[in-house]
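Data first, discussion second: the structure below is written as structure tokens.
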Amino acid sequence: MWNCPGPDWLSPSPAANRRLKYISLAVLVIQNASLILSIRYVRTLPGDHFFTTSAVVMAEILKVLTCLIILLAQRRGNIRAFVTLLYDSIVVQYRDTLKLSVPSLIYTLQNNLQYVAISNLPAATFQVTYQLKILTTALFSVLMLRKSLSRVQWLSLLLLFTGVAIVQVEQDGSKQKEAAVSPATQSYVKGLLAVVVSCLSSGFAGVYFEKILKGSSASVWLRNVQLGIFGTLLGLLGMWWNDGAAVAEKGFLFGYTPMVWGVIFNQAFGGLLVAVVVKYADNILKGFATSFSIIVSTVTSVYLFGFHVDLLFTLGAGLVIAAVYMYSLPKAVALPPSLGSAASSCSHGDSRMEAFLPKSVLVK
């Protein structure tokens with residue numbers, strides 16, 4: 001006899017579930033759109049700019065400290081248990097810790113490239129183009145994890161690539177300028193290369209992380225501590241390599257305004273906040289949030305940066321939005337005939353629970 005898995009207390013009441021989904025949607029949209037728009041804003045203000053390499057390091061430090069506080073709170077302030085956990089997970093199991101050095105290196109590179117890309121591309125263009133990470137993640141999943149994609153997902157990837165290509169053609173052929181930025185301060189080609197490499201690194205790192213740590217029982221907070229340790233060290237190395245002399249002369253916190261601190265806090269805590277609320281958002285809702293954040297970024301860019309939206313950009317962005325939503329649709333799972341009718345009564349619950357399962361424990 002087929003029994004639906006899981007006790008009733010695992011599922012919140014319908015009214016509470018709706019509220020949590022709406023809250024999750026709002027958080028995902030605000031975090032996706034606000035980070036890109038705020039980085040673009042602070043990087044296009046006149047005057048001296050902060051060192052982006054130092055901002056990446058500061059975000060990693062804040063993320064590690066936050067995760068350490070959460071781990072300590074989970075052990076009810078028991079310092080001994082807390083230290084034992086860290087020693088056993090980081091030092092004793094050093095091989096697992098070292099495995100995280102590779103994705104940490106790639107994510108550190110990705111975070112720096114995002115600053116470069118957003119500094120040189122309109123926020124709406126970056127938001128649309130950055131969805132190529134869905135394509136790269138899917139391709140790496142097929143190649144490295146032997147995952148299969150449905151026909152709808154393959155079609156969505158084709159639409160995604162087409163939409164991004166249309167946006168790039170529109171941007172290359174247009175003479176639009178953002179009111180807040182002088183043409184001499186940005187390079188479209190540099191920004192485009194940065195976002196493409198960032199998408200490639202994001203796809204590879206995410207799949208590599210899932211491959212080497214599949215089945216791990218470690219919590220998301222502990223994994224972020226391990227990633228953050230490497231991220232901080234590698235970020236400091238990158239800062240020394242790229243801005244060492246300037247940082248030594250002007251200081252680590254040079255150019256840090258309240259708005260810059262807001263960007264750093266958003267980057268550090270935004271991903272952690274999303275990790276908390278994302279379990280209440282299924283894949284369809286996450287796809288819708290990404291699509292809606294593109295619209296929010298575009299509309300805000302029109303008023304904040306003087307961004308010009310024409311027919312080609314609208315067409316390309318529309319294809320990307322549709323592709324993101326299509327890719328997030330759940331795959332149909334075929335059941336044996338003997339189980340089909342018996343499982344029908346709990347199929348909705350199963351798909352909902354499966355959608356809540358995180359793809360990995362990574363927060364970046």
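We count from 1, first residue shown onward.
Heads up, the Cβ atoms here are built off N, Cα and C, so glycines get one too.
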**Asked** Which stretch, out of 126-146, 189-209, is listed as transmembrane segment by TrEMBL?
**Response** 189-209
**Request:** Quick one: find which recorded stretch in 54-73, 152-169, 189-209 has the most Cβ pairs under 8 Å with the transmembrane segment (221-241).
**Result:** 54-73
**Item:** Residue numbers, six or more beyond the limits of the transmembrane segment (189-209), whose CB comes under 8 Å of its CB atoms
**Value:** 100, 102-103, 106-107, 109-110, 113-114, 116-121, 126, 129-130, 132-133, 135-141, 144-145, 168, 359-360, 362, 364
